Amino acid sequence: MALPYHIFLFTVLLPSFTLTAPPPCRCMTSSSPYQEFLWRMHHPGNIDAPSYRSFSKGTPTFTAHTHMPRNCYNSATLCMHGNTHYWTGKMINPSCPGGLGVTVCWTYFTHTGMSDGGGVQDEAREKHVKEVISQLTQVHSTSSPYKGLDLSKLHETLRTHTRLVSLFNTTLTGLHEVSAQNPTNCWMCLPLAFRPYVSIPVPEQWNNFSTEINTTSVLVGPLVSNLEITHTSNLTCVKFSNTTNTTNSQCIRWVTPPTQVVCLPSGIFFVCGTSAYRCLNGSSESMCFLSFLVPPMTIYTEQDLYNYVVSKPRNKRVPILPFVMAAGVLGALGTGIGGITTSTQFYYKLSQELNGDMERVADSLVTLQDQLNSIAAVVLQNRRALDLLTAERGGTCLFLGEECCYYVNQSGIVTEKVKEIRDRIQRRAEELRNIGPWGLFSQWMPWILPFLGPLAAIILLLLFGPCIFNLLVNFVSSRIEAVKLQMEPKMQSKTKIYHRPLDWPASPRSDVNDIKGTPPEEISTAQPLLRPNSAGSS
């Protein structure tokens with residue numbers, strides 16, 4: 001998990017410390033290695049740099065680490081540099097930063113998403129997260145669900161900063177210059193939750209590096225992780241003392257830093273693996289190259305965003321901003337062809353805007369992701385609470401789910417547009433709150449009417465169908481009985497019934513079942529009946 005992306009993160013309230021100010025931090029280094037590294041970057045063909053003493057002595061620079069494992073120190077105390085609190089302690093392990101017995105400084109919080117193993121950085125973060133959750137649990141929902149939650153405390157935390165306005169204006173200018181789509185009126189949204197930064201490697205032909213160190217603080221360690229790397233060819237790679245493979249086909253240019261801690265100019269970062277660094281200590285286990293960093297953004301048209309907020313969410317979204325420009329920009333950066341000046345300058349300026357936020361990482365006390373998780377776990381009771389937050393509170397940012405959106409046109413950010421859509425959302429919410437039973441029925445009538453006819457037919461069929469079926473069955477049965485009665489006399493007229501006495505002797509030549517025999521009635525009338533008694537008396 002990496003750092004969230006916009007400056008909302010860096011405007012959170014600082015923790016409350018005791019009234020007694022901590023002592024000043026004493027972790028200073030010289031800027032000479034930085035100047036030597038700049039010389040090597042401008043003279044990549046020269047193996048031997050001028051004598052180290054020929055460089056200016058440099059100004060003392062405060063150095064702090066972004067991560068310090070718990071097993072590197074026995075105890076840590078607070079110190080202060082530039083109105084910012086740091087931890088300081090003596091190293092007890094030779095493999096720790098600085099080495100055995102060296103006193104070093106590290107940031108109040110560790111690199112986001114990492115743990116120091118139960119040390120002072122973890123304790124500080126846990127303490128602040130509890131404070132944030134305690135504040136959020138005091139926020140409660142009132143009246144109708146469409147009003148959502150009173151997240152005024154969160155909104156104060158996420159107030160717009162001038163750096164964000166500058167970041168958007170820079171992005172919009174570059175988008176107009178290098179994008180084929182060239183959007184003129186749209187909503188540009190920055191994520192509140194985690195989404196990877198995008199790494200744009202510095203092209204070989206570009207040498208517009210700053211020649212002066214412009215920071216009084218050096219943060220040694222990763223500033224952001226889980227980068228989205230656009231391409232891995234034609235890279236400007238860094239050769240350290242322990243680098244063995246200098247024939248990597250991905251690298252088209254090599255630069256060699258000194259062994260001391262070295263920092264890059266504002267807007268340029270070391271990318272080692274999937275992590276970005278501002279400063280390195282002269283060694284790295286993985287291959288490192290120079291890169292710009294740009295924030296991820298989502299772009300909506302006016303209608304798409306209104307449909308998303310007012311009606312129902314839609315899954316269709318345009319690509320993240322850097323990939324909107326991919327066809328015209330990344331191809332040029334990758335092949336090294338001409339026409340890259342405009343796009344490279346854009347990415348450099350955008351990366352510088354981002355760098356201003358990176359340097360404030362030590363001032364941020366908790367990531368916005370932690371706050372969002374706290375809201376979801378404690379008080380976020382309906383999905384549309386953040387969507388409707390701007391209908392209840394002021395601000396120039398329109399909260400859309402887990403994104404913060406700004407309306408932009410050719411002139412830059414238009415804050416009035418946020419108020420306009422906020423009013424539309426508020427009117428829509430009022431309509432939903434004030435709607436009565438008959439009003440709700442009238443709203444559903446256009447959807448119900450097409451189904452009323454078939455539905456009524458089905459109901460009538462279920463009610464009267466059995467009766468109609470029984471009537472049909474009875475009618476058919478009566479007709480069948482009538483036909484049977486008409487056919488019965490004709491059948492009887494064609495049938496003869498024969499009778500004979502029970503003691504009539506069976507004739508060997510005649511039988512009652514023999515159709516060729518003589519019927520008993522006809523025999524009795526044709527000849528006298530012979531009886532056995534009369535024959536014996538004669």
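Cβ atoms here come from the backbone N, Cα and C positions, even for glycine.
As annotated in Swiss-Prot, region 'Essential for the fusiogenic function' covers the listed stretch 465-484 rather than the other ranges in 265-284, 285-304, 465-484. Of the candidate ranges 100-108, 190-198, 397-405, 451-459, Swiss-Prot annotates residues 397-405 with the feature motif 'CX6CC'. Swiss-Prot assigns the feature region 'Immunosuppression' to one of the listed ranges (159-175, 210-226, 380-396), namely 380-396.
DSSP gives N234 (N-linked glycosylation site) a coil state; it is part of no helix or strand. Under the three-state DSSP scheme, C189 (disulfide bond) falls in the strand class. As a summary of secondary structure, the region 'Essential for the fusiogenic function' (465-484) carries 20 helix, 0 strand, 0 coil according to DSSP. It is 43 Å from the Cα atom of C186 (disulfide bond) to that of N281 (N-linked glycosylation site). A simple Cβ count within 10 Å picks out one of the disulfide-bonded residues C186, C189 as the most packed, and that one is C189.
N234 (N-linked glycosylation site) sits 31 Å from C189 (disulfide bond), counting Cα to Cα.
The number of other CB atoms found within 10 A of the CB of N281 (N-linked glycosylation site), across every protein chain shown, is 19.
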